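Encoded as structure tokens, the structure appears first; notes follow it.
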Amino acid sequence: MTPAGLGTVSTAALDWVITNTGWLFVIAASVFAVFAIVVAAKNFGRIPLGKDGEKPKFSTISWISMMFATGMGIGLVFYGVGEPLYFYMSPPPGTVEGSTDAALSTAMGTTLFHWTLFPWAMYAIVGLGMAYGSFRLGRPQLFSAMFTPIFGERAVHGWGGRIINVLAIIATLFGSACSLGLGALQIGGGIQATGMMEKVGSGVLVVIIAILTAMFVASAVSGIERGIQWLSNTNMVLALILELIVFIGGPTLFILNVIPNAVGAFIGDLPEMASRTAASGDGAMSDWLSSWTVFYWAWWISWSPFVGLFIARISRGRTIRQFVTGVLLVPSTVTLIWFAIFGGGAIGIQERAERAGETGQKLANMVDGAPDINFDLVLFDLLGSLPVANWVAVLLMVVTVLLIAIFFVTGADSASIVMGALSERGAENPSKKSVIFWGVATGAVAAVMLLAGGDHPAEALNGLKNITIVSALPFVIVMLLLCVAIWKDLSKDPLILRGKVAREVLEHSVVQGVERHEGSGFSLLTTEIPMVVADEKSGEAKIFATEATVDPASGSKPDAADGDSKATEPKNS
């Protein structure tokens, strides 16, 4: 199939999915966010993702760096300038007029809606299901294993489970290949912006892909503890340096005002944004949702198997409350600051140029009623507009290209490890041969699609991206079922059952004491409940509880032989 044919078929499939099932994505996204928050807030939050007393494997800084780089990194670099600027110039239909003060609030609020709480809630659910099942209950690290509470051991290890795992591998492979291609396009844009080459063709893009593939395969083979952790930490430092330079060199005061404005707009407009469907307006709203919100929800869901499984692998030893809080709030805060600096800075420069009537200073113009923004180049245009020497601007562009490359490497090497683990029946440490195979396969898919695109490589990549997003439709149902499975698992956790048994025993003992002593004073003596771990084969927990003993207020010691003290039988749950 030619790139044009692939694009036509995939676009038609994507349009059908978004038009007919967009409402499902909207509802599911809200369900996932609420579910993650409720799980963390309840008693479930005390449960460790591992054995009782187990400590986290990675430091908090490294954990956040790896999580952020894998889940959002390259996307923030690609869309960090373009999306807020686009919404500022052309807000969602039926909201406010473009290029106004109100449009600034709407642009930042809408951008945060797409990139903060909701996508990370999707990742958190998959990560929580995998981390709890693997590290607490001893299940294999397979996507299908998370559904054991619903379908049972036999079903999840049968053909149905294998199909789910294969779909997870396919989604990860093509999603990573798309990101590799998009990353190569943006790096190519950076090469053009720095003046190194006048035009970057398909041949150069393939060379870029080959270099990136070699980098992330080497990182993946070295393991999470070495390559991925080191690259993620390095990338966070580079990103921080770039942020500080843009913050200081750009409209600093404007950026500072954007931060509280963006938070307020996000919170204030959240109910309306979360409930938008095609019924919220005319055809313009339906088209806008298809291009943005529903498109993003489908994209994040298609990525959730890979990102969620990787987050699970690096989160062992943390409690559920620490896990959910870290996954939801920390990346969202970093994302807020990133968009405020890059997106807010771009809007500030655009606004200043519009008011001064300086067309040449604008970062984008309206063409045929829509912003004409080249997402590959707009970040480099922003860097070029900063009031710094030309050589400094070029240096910043080189640093940005390096940042894009490392952000992709930290995501792709994680994907290779996840695909290796899934293909080896959930191995915690997949073989190097398997990791290399999936890494090379990712690079090969991206290269073939770029070459097939000829003079228009982005067309083939868009077709592949659309197919990946269409695959998110069955994963919506899968993730809703996963919420049910997680709740069933957590309700049977030894920590929860011990607390439940203790409350029941205490209540029964108080009632017994009041009845036996007819209102006279008495005291209760209890024995410590032994530490319990889950059965690694069955995933079940055994609880041993000892009833409290009613002790007369006279101070006489209770005698276990008199029948007042009873031990319950072991219970399987």
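The backbone N, Cα and C atoms fix where each Cβ goes, and this holds for glycine too.
Annotation source TrEMBL lists transmembrane segment at 22-41, 61-81, 117-135, 163-188, 200-224, 236-259, 294-312, 324-349, 388-409, 435-454, 466-487. Annotation source TrEMBL lists region 'Disordered' at 546-573. The compositional bias 'Basic and acidic residues' annotation in TrEMBL covers 559-573.
Below 8 A, the CB atoms of the transmembrane segment (236-259) and the transmembrane segment (435-454) form no more than two pairs separated by six or more positions in the chain, fewer than 3 in all. Within its own chain, the transmembrane segment (22-41) is flanked in space by residues 117-118, 121-122, 124-125, 128, 274-278, 289-290, 293-294, 297-298, 301, 320-321, 323-325, 327-328, 472, 476, 479-480, 483, 486-487, 490, which lie at least six positions past its ends and keep a Cβ under 8 Å from the stretch. Take the transmembrane segment (61-81) and the stretches 294-312, 324-349, 435-454, 466-487: counting Cβ pairs under 8 Å, 324-349 has the most. Per-stretch counts of Cβ pairs under 8 Å to the transmembrane segment (435-454) identify 163-188 as the leading one among 117-135, 163-188, 294-312, 324-349.
When each of the listed stretches 163-188, 200-224, 324-349 is scored by C-beta pairs under 8 angstroms to the transmembrane segment (294-312), 163-188 comes out highest. When each of 117-135, 163-188, 324-349, 466-487 is scored by its Cβ pairs under 8 Å to the transmembrane segment (200-224), the top-ranked stretch turns out to be 163-188. Of the two recorded stretches, the transmembrane segment (163-188) lies close to the transmembrane segment (466-487), with three or more CB pairs under 8 Å once pairs fewer than 6 apart in sequence are set aside. The list of residues near the transmembrane segment (466-487) in space but at least 6 beyond its ends in sequence, with Cβ under 8 angstroms from a Cβ of it, reads 6-7, 10-11, 13-14, 17, 21, 24-25, 28, 31-32, 35, 39, 122, 125-126, 128-129, 132, 146-150, 164, 167, 170-171, 174-175, 178, 295, 297-299, 301-302, 304-305.
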